[in-house]
């Protein structure tokens, strides 16, 4: 079964997110459990936690259908000790919030060396950060997202993801999320079925499908191998419809959240309906 949805707003409180997902016909969703552009957030109260869990039950969302995302401020590979500690503390808090809400996944961007560390040293620092956070929390898997490779961001090569996983001690609590726009911008072609098969065979060889915990389904305004992160609506960018149809028909992508972060929330319901139709080969674009 495919779990298909979008990154919905948690404005007004996390308990509002499940209903917003249900309104667009989603069978999965992503959210921020706090303001993603602030370091601090009010603690989750028992009432808020209960409301969120009740809303998930009401709308039929289990933990495996929900892919929370951490704050954009966090850099688990930061070269400066003070900033690194701040990021690590924030990441631990994000994992703890997910656990409180009964969630089992937390999607994060690996980190940036800021031109002050080698790639290898930064990847090791990221893995160390993950180990520290997993040691201080329970029940939530840290899900590394591939990046487009803008600036000094790491995670744009499958080898980066594998290097982090290799150094994480508890392999049962680490996974990856593949963003199609990021992969395309990083030089992994997806424009034809043959491209998809080649790219994901490479992913399986280097990382392994056993670590795939989620997907971000985004077309790209950015050009191939540009290392620029610019999302677009499905079929309107430089990737096209083909990979999204292909993903819907492959069992490797069953039972994980498949999340839209496309640029027009007004058509998310249409994009979700189109994706659902591709599972049986219907609704050609």
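For all residues, glycine too, the Cβ spot is worked out from N, Cα and C.
If you look up Swiss-Prot, you'll see 69, 109, 145 marked as Zn(2+) 1 binding site. The Zn(2+) 2 binding site annotation in Swiss-Prot covers 145, 179, 216, 261. Residues or ranges marked as Zn(2+) 3 binding site by Swiss-Prot on the basis of sequence analysis: 182, 229, 231.
Here the features listed in Swiss-Prot are placed on the structure.
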residue : record                : contacts (Cβ under 8 Å, 6+ apart)
69      : Zn(2+) 1 binding site : 7, 30, 31, 32, 36, 106, 107, 108
109     : Zn(2+) 1 binding site : 70, 72, 74, 145, 147, 153, 155
179     : Zn(2+) 2 binding site : 145, 146, 147, 148, 215, 216, 218, 261
182     : Zn(2+) 3 binding site : 145, 146, 147, 148, 149, 156, 216, 218, 229
231     : Zn(2+) 3 binding site : 181, 218, 219, 220, 221, 237, 261, 262, 263
- residue 182 (Zn(2+) 3 binding site), DSSP three-state class -> helix
- Query: Which has the fewest other CB atoms in a 10 Å radius around its CB: 145, 216, 229, 261, the listed binding-site residues?
  - Reply: 261
- Could you say whether, by DSSP, residue 261 (Zn(2+) 2 binding site) belongs to a helix, a strand or a coil region? coil
